[in-house]
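What follows is a set of notes on a single structure, which appears directly below.
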Amino acid sequence: MMFVTGIVLFALAILISVALHECGHMWVARRTGMKVRRYFVGFGPTLWSTRRGETEYGVKAVPLGGFCDIAGMTPVEELDPDERDRAMYKQATWKRVAVLFAGPGMNLAICLVLIYAIALVWGLPNLHPPTRAVIGETGCVAQEVSQGKLEQCTGPGPAALAGIRSGDVVVKVGDTPVSSFDEMAAAVRKSHGSVPIVVERDGTAIVTYVDIESTQRWIPNGQGGELQPATVGAIGVGAARVGPVRYGVFSAMPATFAVTGDLTVEVGKALAALPTKVGALVRAIGGGQRDPQTPISVVGASIIGGDTVDHGLWVAFWFFLAQLNLILAAINLLPLLPFDGGHIAVAVFERIRNMVRSARGKVAAAPVNYLKLLPATYVVLVLVVGYMLLTVTADLVNPIRLFQ
């Protein structure tokens with residue numbers, strides 16, 4: 001029951017985020033003197049609407065987005081006589097950019113507010129975790145039977161049998177110096193047989209010989225970064241866990257921006273990798289193992305939201321919602337039509353072009369002809385809709401689950 005409740009709550013949270021995105025456009029458009037004709041949540045047939053002043057507000061049947069209709073967003077629109085002077089395309093560049101940025105800016109603001117609240121209530125990941133290969137726990141070596149799923153095992157592992165303890169710092173594996181846990185794990189994966197491992201304990205270097213055990217792990221294959229099963233070495237250790245850090249009202253502010261900055265970098269990497277994930281999504285639809293690194297749709301996001309609520313992980317629920325708002329902001333700022341970023345690019349181009357013409361003693365040119373940009377816009381739409389259908393299908397037939 002809580003799983004279903006979580007799905008509904010997260011879907012509602014996404015809808016509210018989209019509605020606030022459109023509110024951002026509407027509020028700034030009004031403040032800069034533009035006319036907002038309609039503000040609707042959802043698509044399809046209208047379920048309810050009312051008119052307040054010059055704006056019609058309403059709710060439509062399909063709760064998968066929303067829109068804010070601003071008069072004269074492009075020069076090809078038909079305008080009523082009272083709208084011509086207030087048409088968006090006739091306004092100063094800074095006003096147009098402000099209106100267009102306000103939507104993604106609202107999603108960014110939601111992300112910052114949520115992360116700030118998390119910093120105060122639950123705490124944020126440690127911004128300065130140990131960079132050395134600190135051992136957190138030792139145990140047996142379990143086979144990774146499927147991606148992310150380990151089989152049961154008992155007894156001590158190779159590291160424990162060799163005397164390695166929690167808190168030890170690994171500095172060398174065989175002839176390979178290591179300065180982080182990832183470097184240590186990579187060196188162990190390439191090793192076999194009895195290997196000397198140097199650890200630091202209470203400031204003293206200790207050499208111990210560890211019998212590397214062969215096991216199966218899912219690791220990147222080096223071609224697009226897709227995970228594939230491979231036989232590698234393992235010694236049965238885990239990295240030391242660093243708990244979250246709680247902040248005060250003022251100290252949470254820089255921490256919030258720092259975490260958001262890190263997330264922004266990761267979102268950029270994820271967007272750049274989208275084309276490489278098509279094959280993994282197709283295989284998942286065909287019954288293959290679903291790579292947890294593949295993109296998800298609103299459906300998949302809601303399922304993950306349901307998992308977090310079902311297990312009482314409200315901090316994960318809100319953090320995931322913050323990430324999703326950051327992703328919405330980043331996607332909408334892509335300099336491609338029909339995204340907000342595409343319209344911003346057109347406005348900036350017109351401004352630069354007219355500045356150059358003015359410097360040459362020429363009058364300002366006519367606004368960009370959006371009809372000529374329609375073919376490129378349709379290509380982007382087809383690619384976006386196609387990718388959305390692919391992710392929705394994968395999320396319906398083979399969703400990413402956090403606790404399975």
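Glycine residues also receive a Cβ, built from the backbone N, Cα and C atoms like all the rest.
Features of the protein shown, as given by Swiss-Prot:
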type     : residues             : note
TRANSMEM : 1-21                 : transmembrane segment
BINDING  : His21, His25, Asp202 : Zn(2+) binding site
ACT_SITE : Glu22                : active site
TRANSMEM : 104-124              : transmembrane segment
DOMAIN   : 121-203              : domain 'PDZ'
TRANSMEM : 313-333              : transmembrane segment
TRANSMEM : 373-393              : transmembrane segment
Statement: The answer, for which of the binding-site residues His21, His25 has its Cβ ringed by the most other Cβ atoms inside 10 Å, is His25
- request: Please work out the mean pLDDT for the residues of the domain 'PDZ' (121-203).
  value: 87
Field: Tertiary contacts of the transmembrane segment (1-21) (same chain, 6+ residues out, Cβ under 8 Å)
entry: 41-42, 63, 65-66, 103-104, 106-107, 110, 298, 301-310, 317, 320-321, 324-325, 328, 332
Task: Pick the one among the recorded positions Glu22, Asp202 whose Cβ has the fewest other Cβ atoms within 10 Å in this structure.
output: Asp202
- prompt: Cβ under 8 Å to the transmembrane segment (104-124), counting only same-chain residues 6 or more beyond its ends: which ones?
  reply: 17, 20-21, 23-24, 243-249, 252-253, 255-257, 259-260, 263, 315, 318-319, 321-323, 325-326, 328-330, 332-333, 340-341
Field: DSSP helix/strand/coil residue counts for the domain 'PDZ' (121-203)
entry: 14 helix, 28 strand, 41 coil
- request: Give me the Cα-Cα distance between Glu22 (active site) and Asp202 (Zn(2+) binding site), rounded to a whole Å.
  value: 57
